[in-house]
């Protein structure tokens, strides 16, 4: 595996005078080595593995208790008693009735962690994973750091979320290394799987509703349940910052509800510190790749059921390559808050009284969420297939094999220079690496007479569940390409800004970059308030690859950098063009519309353009992108969002919409950052 060596480079953006401020410095990271834990599993009996002596290290301040004890502690807590009395006065409902309701909520959500269920899953998952994965690779150094952290302070596990099996995989890995299996926040969807949901409960899952609908009692019970487990050190708490799986393989913007809950004991000085552990789970081939494409094209996801699980047994005959699980360094909440946040406001009222979060605390929670996601992204392992599919999507979907290998090697070097965690087998020839990648994804690409062809140019007019096969294949390919964008987002945005800015004055390029970053801030993870630093990072990487040079007030492009610029703008072209298409689509909307109506119209409008060969932008069909675009349109003032009869409706600002479409199409100058909003 090639891993960039540590180095440090610096450059300044701005005046070239001696007094100019050094604005950016970037260190290339060196990652831990991986160990394949399936190697040992293939040598030892699965039953012996499941029944091994399991003595995980415990938090030094642990309060020993059973799952039933946790429920009792929650029901008798000052917080729940206070909320019940408040609600009783407000709703004129008896305290006993509300207490019974709280008990029912707890029965619905709580876990029943038992060692027997953990051993059962260890046995089953060992067999399944050996069948469908070549390797399950884990960085042992990260495991060792986690082992120490678990004994010192309460631990929050924050994995990336790409597949249903993420949480199962994580529990399997922790059991393998004799670490405590976490309690896991799971969606209520799983309750439809009767036997499975009970097994999940007994392996540590606790269930939460997608929305609480203003139910104060539910929120109080749920938050107190999570905080009780955290304060007692019962087990590491695991949840997904994204809230749901990313269907398009890009990290979704974070949800803050659970993060607020687990940070509160620290804010109220109920715990000395809390460790956050970002975990990056990378798949060579995503199990749900076709299911995701269907969902993005408007087909609702199948309801979770035991029958559906049994039907999914067909995946046992497929090869999904390898999984890489990277445990990041534990991050101390106390260290993050030092000099950044005052907890004094929490001393002014009793702990049991719910209080509105101060603005500085809200900003801090938001910042922590984005920082954790950026750490997840930094440690996501990239497979060679991502390079191959990104190149093919920019080369008319077909390419000579030798030319593809040459271009893939070129992109390999660029990815590593940009700081990407690329997994490239050093013991294989480049031709073998590319060929094995194509073979693993033979449902999407094939090698015919020295030509590599993406299987997206189907002549078949036969519909699949009302969908065009070509659209399904394109979105599956796009999902793999999207994984590269985590590494290339900032230099790509600078490249697009350079393309859209006449004259190449640094100030104008920065204005355009700021505008684009704002437009696409729901598509990619950018730390709020970090625009200048993101611009500097993008410029630094383009200077490092000799794409451009910085002078006092201007940017000079080099002939040597044409290939890099062309590739980077090509990576972002689908997003710019998709937002243009959706801007035009808005002008065809009625006076007001719901999100559901917008998605139907957007899909229909885009399909018409594709059918008429007026566009080749298949990414605009993605419902995930369409929702992100709508959020951006609201933020930019292109669309107004109002609540009417408990439902949200949207109104189009016609002139602002036309202006946005013109700006994205380079027909109108962007303007200065202060006036970049529409």
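Keep in mind that glycine also has a Cβ here, set from the backbone N, Cα and C atoms.
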Among 143-148, 149-154, 155-160, 161-166, indicate the range for which Swiss-Prot gives the feature motif 'HXXXXD motif'.
161-166
Quick one: which of 6, 12, 91 has phosphoserine in Swiss-Prot?
12
So for residue 641 (N6-acetyllysine), how many other CB atoms are inside 10 Å of its CB?
14
What are the DSSP helix, strand and coil residue counts for the motif 'HXXXXD motif' (161-166)?
1 helix, 0 strand, 5 coil
Per-residue pLDDT averaged over the motif 'HXXXXD motif' (161-166) comes to what?
92
